[in-house]
Amino acid sequence: WSQGGAGPHSTLGPSDGVTINYRHGLPVITLTLPTRSERCVFTVKPMVTTVGAFLKDLQREDKGIQRAEVFAPDGSKVSDATLMEVLLMNDFKLAINNTAHLVSPPVKDKLSSEHATEMEDIKSLVHRLYVALHLEDHQIRKERELLEKLDHLKEELLPLEQMKAGITASADAKTSRLLWVGLALLSAQGGALAWLTWWVYSWDIMEPITYFITYGSAMAFYAYFVLTKQDYLYLDAKDRQFLHYFYKKSKKQHFDVEQYNKLKEDVAEVEESLRRLRQPLHLRLPVQEISAKD
């Protein structure tokens, strides 16, 4: 058994040339060692082994190999960094010392479905191993990027938050004053009607007046519904008045409400990404896939 990345070898009967076939989904290269005059089998891991690593395995196996190179059919030298998977896609020349061998790998389309399935399983296994080995580094790097982005967004949001707090306090104060003014007007109206009823006029005179006041109030509430398409509820009316004062004050102080809302959405999105990144069960799932599961 050889110790290099090209895989195990075994001694076979004498023959010439270099042959390639697939065994258990992996390419097996069989060739005659020049000084030992014996056939050796090298099982190659095409997605991991490079051309340079394969040639070094040949020289390690036979110390009599002084020169080992790979050339394309047009005579150009193949880089040592080329993966064997790429090399085995086309014909190539393997030069060992002063002898050149023309190698014709089997066409992958003609491989059996079983071999194709085994190759896909190996690729999937390599991918999972790569993810397992590099996931922690990727997680730390991604977390650092998200934290830096979050800090930048909060720096942009801070002055807007301060301005919004002042505008909110002013709008809330005006809304409260309006509510107290409404209460004062209703109290004054009730007192005036009571005074006119008991001290100035009689109930027979004031009854039609109170009726039309009530009817006028009903007309005012209906007009509110026509204009706002909402029932007149005190809480909704208060919120509507607050927003009126808020946007009026924002326009006066040049407060960009749309920019503020956009920054708040970005901050919430980054914080949600951080939360998902720190959950071990979601580390390998993209945000869209996680959202579909929730």
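Glycine too: its Cβ is placed from the backbone N, Cα and C atoms.
Keep in mind that TrEMBL annotations are predicted by a computer and have not been checked by a curator.
Look at TrEMBL and you will find 61-263 tagged as domain 'Calcium uniporter protein C-terminal'.
Among the features that TrEMBL reports, transmembrane segment is placed at 178-197 (among others). Sequence-distant contacts of the transmembrane segment (178-197) (same chain, at least 6 residues past either end, Cβ-Cβ under 8 Å): 203, 206, 209-210, 213, 238, 241.
Positions annotated as transmembrane segment by TrEMBL: 209-227 (among others).
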Give residue numbers and ranges for long-range contacts of the transmembrane segment (209-227): same chain, 6 or more residues beyond its ends, CB-CB under 8 A.
189, 193, 196, 237
